[in-house]
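Trainee: Before I ask anything, let me first share the structure, which is written out below as structure tokens.
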Amino acid sequence: MINNVLKLVRYNIKKLRPYQSARRIGGGNGLIWLNANESPLSIPFKLKKKSFNRYPECQPIDLISSYAKYVNLSFEQVLATRGADEGIELLIKAFCEPEKDAIIYCPPTYDMYQVNANMANVKIKEIPTIKNTWELDLLSIQSNLKTVKLVYICNPNNPTGNIILKKDLLFLLKITLGRALVVIDEAYIEFSPEDSMVSFLKDYSHLVILRTLSKAFGLAGIRCGFTLANKVIIEILNKVITPYPISIPVMDIAVQSLQKNYITLMKDRVSELNLNRIWLINQLNELDCIDKVFESHANYILVKFFMFEKIFQMLWNKGIILRNQNNKMNLKECIRISIGTRSECFSLIQELKNFSKNNIF
Ligand SMILES: *Cc1c(COP(=O)(O)O)cnc(C)c1O
């Protein structure tokens with residue numbers, strides 16, 4: 001019986017390796033969670049809406065106008081989605097012909113571009129970034145644009161933490177003009193707001209920007225993201241989105257989070273996390289077990305360790321859960337550490353100091 005069911009599954013789904021989310025990997029008896037780039041602190045919201053017998057609007061007006069105001073765009077340039085992840089999926093659904101068209105992405109980067117392309121049976125072209133500087137290989141992208149409909153760029157890049165140079169993004173926009181859309185995933189842009197490409201939407205009709213409330217806004221639990229683009233693209237995506245992607249409780253909390261006082265609170269927390277990041281990097285650089293700490297413009301850092309496996313496991317056993325990146329392209333012996341509260345960062349450093357004392361490198 002089971003055998004028969006397996007025969008029915010699409011071939012690309014049968015061989016699909018699903019996204020390895022932090023939640024899927026788990027973390028044993030974790031106490032300090034630094035593995036999913038979440039906000040370490042929660043903001044206590046209260047639901048204002050009390051009745052749920054009616055369906056929500058497909059694109060709730062309050063939510064769209066609140067976000068449009070936050071990013072200084074017009075109403076027609078904003079699509080609300082079930083997390084930024086749904087935006088990644090909708091773009092592939094709307095623009096890529098299965099088995100024919102391709103997407104480009106630049107590893108090491110966020111895995112969901114690849115996973116969504118594989119799910120949709122769309123081809124992938126991996127153009128790795130330059131090792132250790134993580135800059136785009138623009139000439140290779142340029143010579144691989146045939147059949148490509150979407151170029152996904154993550155900025156700041158997850159998991160490396162670097163910013164893609166604005167001049168490189170502008171070059172990319174020039175070489176893709178009339179051929180492919182450039183999708184810039186700005187999931188972490190609040191940690192480095194001067195690097196946003198939002199102001200270029202008016203100049204480039206093939207630019208798309210992905211945003212989320214999951215990271216700086218501290219709302220990973222509600223699943224709310226946004227796709228920003230010109231009106232024509234938003235209208236196309238509105239054709240393929242589910243009828244009710246944003247539930248009423250999600251809209252309720254998301255709208256509150258975009259009011260002035262909460263945006264101020266979000267920005268204060270971003271400043272605090274950015275200071276924690278600087279503190280953590282300085283402390284790590286003092287330790288013998290560290291090979292390299294990469295520069296970061298987000299709420300996580302990529303670190304190359306000596307004896308990385310032993311250290312990852314030692315921290316795991318002590319309840320400090322980090323994200324192993326060893327299997328990713330060009331990230332041998334690297335671990336990604338989300339920036340937590342100062343006391344969480346402090347506990348991490350204490351354990352690494354003890355380890356460094358008891359081991360020779
Ligand atoms: C976390 C993350 C997302 C997903 O955001 P959701 O809104 O929670 O779906 C998208 N892109 C990158 C690079 C991320 O790290």
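Including glycine, each Cβ sits where the backbone N, Cα and C put it.
In case it's useful when we look at the structure, here is the feature table from TrEMBL:
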DOMAIN    46-350  domain 'Aminotransferase class I/classII large'
MOD_RES   Lys215  N6-(pyridoxal phosphate)lysine
Trainee: How many neighbouring Cβ atoms, not counting its own, are there within 10 Å of the Cβ of Lys215 (N6-(pyridoxal phosphate)lysine)?
Mentor: 27
Trainee: Could you give the mean pLDDT over the domain 'Aminotransferase class I/classII large' (46-350), rounded to a whole number?
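Mentor: Its mean pLDDT is 98.
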